[in-house]
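Student: Quick one: this structure, given as structure tokens, is what I'll be asking you about.
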Amino acid sequence: STIEICNKDTGLCICKANFTGQTCEQCASGFFNHPLCEPCACDSIGVVYDACDQRGQCHCKPNFGGRQCNQCAPGYFRYPECIPCSCDMHGSLGLSCDQVTGQCLCKNNFVGAKCQECAAGLFNFPYCEECKCVPAGVRNDFPGCGRHNIPGVLCLCKQNVEGRQCDRCKEGFWNMKASNPLGCEPCDCSDEGTLGHLNTCDVVTGQCPCKLTTLNSTIRCDICADG
């Protein structure tokens, strides 16, 4: 209190401007850190209202941050506008960006102000892959990576080929060749001689999975074993 006196009518102590309470035992609104009761000094642009807690933290608007709400919160930039960074969730390392330029921090293989593009030599955002399509597996009309309009697809595979890089035959096919317009030829397994009667085979050799009663030395499993 200012001096050892109080209001004769109410009995309340007469406090300094930055103190309040019956005995001036707490900081007034806009001040913190009793008994020093320092000014909150909240930034008028960034605060919800001009007051702070006892640690001195002002009450910031959603897009503002800092103890005095005098800077942009993470995910916003260009104080005092504090507009969203809008970093791409696929290409950026986080939600924050440069406080002046708005440039997001990009992962490897990504570029752009918002990390919304693939780096040079990479294709198919947001995967941003190298163009390593297997020539024997791609369609004859494949224009090249990044030159077709099918979202999420890197390479355009022949009918009997699969994989992001068109690097393997589909189940039930084998022997991928560039000269084959379908990419791979069908397995030719004996229905009676193969396990489970499935027409599947090794994608390289064409070997079918033979029963014990047939010879593994035959690709089709069409010759009975001895006995």
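Cβ atoms are placed via backbone N, Cα and C, with glycine included.
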Student: State the disulphide partner of Cys24 as given in TrEMBL, choosing from Cys15, Cys27.
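Tutor: According to the record, the bonded cysteine is Cys15.
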Student: Could you tell me which of Cys106, Cys128 is bonded to Cys115 by a disulfide, according to TrEMBL?
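Tutor: According to TrEMBL, the disulfide partner of Cys115 among Cys106, Cys128 is Cys106.
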Student: Who are the long-range neighbours of the domain 'Laminin EGF-like' (40-84) in its own chain, taking Cβ under 8 Å and residues 6 or more past its ends?
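Tutor: Contacts with the domain 'Laminin EGF-like' (40-84): 27, 29-34, 94-102.
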Student: Among the disulfide-bonded residues listed here (Cys40, Cys60, Cys69, Cys87, Cys104), which has the Cα closest to the Cα of Cys24 (disulfide bond)?
Tutor: Cys40
Student: List only the single closest residue to Cys87 (disulfide bond), chosen from the disulfide-bonded residues Cys15, Cys52, Cys69, Cys115 by CA-CA distance.
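Tutor: Among Cys15, Cys52, Cys69, Cys115, Cys115.
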